[in-house]
């Protein structure tokens, strides 16, 4: 079996192992369909984003296309400054689209619901795929840029609607495991993009444009499958007052007829919230009842982007060249980054319900701080010791694995868990805004940080990771195996809020109803 087939087989096996593992442990009738159709927002997002940024062959062909188009229009080669500007716009406009998507998601979710928003969002993926695929044929780099913008909108909406949907349809005992599909499928999307961008596949001058056509395939699949899945039962019961619909949805997702306990839990949450209605962002910011939940989500989401993972890609190829790898081998070596992050995300998904969210987050950020510190030392000695670049690359892999073990997916799970129903859409809007603004800030500022601090630039991220770990250790309660009401009650003391009587009526049987997903 050649290298290409090997990596494709690994990718397929990882998908099968994760799905079969979860399905064998959780008796959720529709989870297999759910996971399969919800795969699309992340696989198509990353095929565009990471393929264009991480595969050297594709990168050079896109820049060559810009130059060729410029010559045809203006009769002269494009200047270095202009091509750099166009490329910077192509890269950064994705974050701008993501920010717009995050800002608009709350309104769309309020009108269409979680499921309806996901269905609508596929139209953005299809439109983006058409623009990106036809850009070269039309001799228009503007179509590539606009396509990236629309794909950013698609991603911004998906990263709000999908974690919200998954969190609301999942039993509390499996909520973290199911929520980790976000991280796992993002990593699989990255890895798939890297594989498809290989020169033996679509990483050639005559075929690179076909990479973008793959964006439409999973979106079309989701459009075919998702209509047959129920809406979020919590949304149906608490916001649409459709108890019959919520009961049917619970029955289909949980695979059992008696869902009275789940319905009563949602009713108790509704009774505990005075005058239940979906609050606005301004109301959320003003509410003292969720002040520390909001601060925690903002800090966690900021650390998610500012911890330095995106910056690590600036050094990867340079370190590999220092180690003696030729340009023709680099794409195959960098496949290890996609493989290691996928493996780490899968392991995290399998252990999250045993270890908990808080330990994985703290371990991930603290480990990143350790390996960034070691990387700084190794980078400063790699010109003097011949084997030092190999240690630097091991540190890069360790940083990636540390990130995917917790910080890569848990912030999105926490955003859904720390807020009750009425606050959740606004919370995701704020979290998404922080996410995309932080992403844009890293892309904008890191080149200047790198130019100023050189190999010491990673110490900035060491500080971010350590401070984030300390905050999470002090403030964040463990949310494993807790209902949304229980989690809200955990913050009541620090928020200096009284505990509603409904929260005090939690029965002993419910509190002791923990079911280890690995004991089923």
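Using the three backbone atoms N, Cα and C, a Cβ is placed for every residue, glycine included.
It should be emphasised that the depicted structure is a prediction, and the values quoted were computed from it without experimental measurement.
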Check: Of 271-293, 294-316, which range does TrEMBL call transmembrane segment?
Finding: 294-316
Notebook entry, point to check: If you check TrEMBL, which stretch out of 59-80, 235-256, 455-476 is marked transmembrane segment?
Noted result: 455-476
Notebook entry, point to check: What same-chain residues lie close to the transmembrane segment (116-134): Cβ under 8 Å, and 6 or more beyond its ends?
Noted result: 38, 40-41, 44, 48, 105, 108-109, 143-144, 146-148, 150-151, 153-154, 157-158, 161-162, 165, 209-210, 212-216, 218-220, 222-223, 226-227, 231
Notebook entry, point to check: Excluding the flanking five residues on each side, which residues at least 6 beyond the ends of the transmembrane segment (426-449) place their CB within less than 8 Å of a CB in that stretch?
Noted result: 91-92, 95-96, 98-99, 101-103, 105-106, 109, 156, 159-160, 163-164, 278-281, 283-285, 290, 293-294, 297-298, 301-302, 304-306, 310-311, 314, 411-412, 415-416, 418-419, 457, 460
Next item on the list: Find the average pLDDT over the domain 'Major facilitator superfamily (MFS) profile' (33-480) in the predicted model and report it.
Entry: 83
Margin query: Counting Cβ pairs closer than 8 Å, which of 178-196, 294-316, 328-352, 390-414, 455-476 has the most of them with the transmembrane segment (146-166)?
Written below: 178-196
